[in-house]
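Visitor: Dropping the structure in here first, questions after.
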Amino acid sequence: MNMQLNEFDTVMEQIGFGKVHCYIMLTLGLLQMLTIHETMGMGIIAPSAVCDLRMSLVQLSTITAAAFLGIICSSYFWGYITDKMGRRWILLHTISISNFCSIISMFMVSFTSFFVMRFLTGIFVAGPSFVAVTYLSEFCNKQILARAVTHMYMFTGFAMFYCPSWATLFLSSSFMDFEVALVGRLTFRPWRLLGCLFMLPGVIAFVLLLYMPESPKFLFMIGDTKRAIAVMDWISIKNTGLPLSADQVVLMQKFQESSDVRRHKRSSNLLQTMLNDAMPLFRKPYVGFYVGSCSVMFSLGLVANGLGIWFTAMRNRSNMRLD
């Protein structure tokens, strides 16, 4: 296994950091923004939608949690499927469907329909939120991987500015106070337009991703050597202006030949296969590490997401008292 990684990393190191890495960090960074917008953004939008959707306080809390619930329900599925279908394939499909569900949700006129669409948005936005790191890592060598991932996650901070900045313009300013009757009970108000703006990074990321290839390491691992070398050649040309050398091609071929990937026969029962693959996590020696990791991630999510949503709710109540 070390030989495989050394051969792949050797070529990646020779190619070096360049345009491809900047492009992919920008694209995947926008996807991190999309994830924050579709989850934390509801803490801003939902209080403004209370009157239009006639929601109680409990229903308001449910709407805020809908996307998180969708992410929890689907994360393992997307992580499993990405090893079967490919990183780019999953990203393109989940981004497009999550954007579609998100924009449809902004035109719902009842709590039930709004909750369903927000839940579906959460299910599909889980794809880019988790697969993006894997996709990025397979374009990087060990030396630049940590920095690349760090720069990608910097866009999470940008999202924290993006959401309240637009919200201040649309929800706290009389300048953008409008009301347009469309069909039946559907009235187009600032909060609906704000929700559409929250998905803008996802639309841009989708377009940018169309010009990116599949992960070269994934292609090697499934045995598609020809496409994998073509992708590596493309990266080399973009970063250095030169195609892969003969020695680099030989290294890539050795990487493929030495990779010992057991290709299991696909089971007709996907759920059973997923369950069988997950069971080792609940047995020794992995169960302790698994429970500990879940506890850490739960605590981080509780603090990061919980406080963010709580703060917007407190600010909304404060504004109502002032009014």
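Just so you know, glycine gets a Cβ as well, placed from its N, Cα and C.
So TrEMBL lists the following for this protein:
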{"type": "TRANSMEM", "residues": "20-37", "note": "transmembrane segment"}
{"type": "DOMAIN", "residues": "24-323", "note": "domain 'Major facilitator superfamily (MFS) profile'"}
{"type": "TRANSMEM", "residues": "57-78", "note": "transmembrane segment"}
{"type": "TRANSMEM", "residues": "90-109", "note": "transmembrane segment"}
{"type": "TRANSMEM", "residues": "115-136", "note": "transmembrane segment"}
{"type": "TRANSMEM", "residues": "148-171", "note": "transmembrane segment"}
{"type": "TRANSMEM", "residues": "191-211", "note": "transmembrane segment"}
{"type": "TRANSMEM", "residues": "289-313", "note": "transmembrane segment"}
Visitor: Apart from its near flanks, which chain residues at least 6 from the ends of the transmembrane segment (90-109) lie with a Cβ under 8 angstroms of it?
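Guide: Same-chain residues near the transmembrane segment (90-109) but 6 or more away: 31, 34, 38, 52-53, 78, 81-82, 117-118, 120-121, 124-128, 131-132, 135, 184-186, 192, 195-196, 198-199, 202-203, 205-206, 209-210.
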Visitor: So which of 20-37, 115-136, 148-171, 191-211 is most in touch with the transmembrane segment (57-78), counting Cβ pairs under 8 Å?
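Guide: By the under-8 Å Cβ criterion, the transmembrane segment (57-78) pairs most with 115-136.
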Visitor: So what pLDDT does the domain 'Major facilitator superfamily (MFS) profile' (24-323) average out to?
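Guide: The average pLDDT of the model in the domain 'Major facilitator superfamily (MFS) profile' (24-323) works out to 84.
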